[in-house]
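Structure record follows, encoded as structure tokens.
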């Protein structure tokens, strides 16, 4: 889902009377999505200020499941699709109990990561749930107008005719954390193959310009930028950035299919390493069978060149 967003608000929730409107829209979504199968629902607000509703749904052939719908005022549309949060079939009492536990945990500072959810619950991370909102081109001049600290940011890249995204974590004040291969000293087949099977790499703390142009050449037309988000925001911006700093000391090997920049940014945001691009069978196959020529390698590695030249390029563009 690709949409265009406006300058960011200071909160993912509503303000004043807007809170009432958000709750009304959430309950309208419950009626539209579940109809008569909705047996019980409870509205709530997370410790991070995000409105949500938890729903007990009656299954067609018996039993119940628990689902969630959230609101994020920074997204368009800002009401999420419903997603299941129970780990299996339940009785109605079990569903109500899970809703009570989740309501309590979601209201606590710190909340939880998706890799360690409360007992009986699950929070899937998949392409069908991740929303990409296109950020106005003005973000290249004024990052803090359109982004918030801890945002997961995708930069559109074209590799040998295949569209990929280079991702990172916006750290505020025009700086980003992102995961890239170390510069290759040669263009040998062995060095090229390493990018696909495990190459030396590290998390770097870069200016916005260096992040955006880490894998593409500088041109008069800047690449498209997207903000990626899961329906449930489980970490504050500060927590996301701190986790990026933690991974800066931990990550050392890059594998385009199993440990790439998107795995890094997803783990920072949700606790679960996930690659938006590698869910595509076509892209996964392309990265598996595509001959790793120097063209591909140069697109996947951090260029071994004088980065100071970027400053003059940025000023002149």
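Glycine residues also receive a Cβ, built from the backbone N, Cα and C atoms like all the rest.
Under the heading domain 'LRAT', Swiss-Prot lists 156-277.
Annotation source Swiss-Prot lists active site at 166 (among others). With a cut-off of 8 Å between CB atoms and residues at least 6 apart in sequence, the same chain places 154, 155, 157, 178, 211, 214, 215, 261 near residue 166 (active site), listed in sequence order.
Of all Cβ atoms in the shown protein chains, 25 besides its own fall within 10 Å of the Cβ of residue 178 (active site). According to Swiss-Prot, the feature active site maps to 178 (among others).
Annotation comment: Swiss-Prot describes 261 as active site, acyl-thioester intermediate, evidence class sequence analysis.
Neighbours of residue 261 (active site, acyl-thioester intermediate), defined as other CB atoms within 10 A of its CB across all chains, total 28. Mean model confidence for the domain 'LRAT' (156-277) is a pLDDT of 87.
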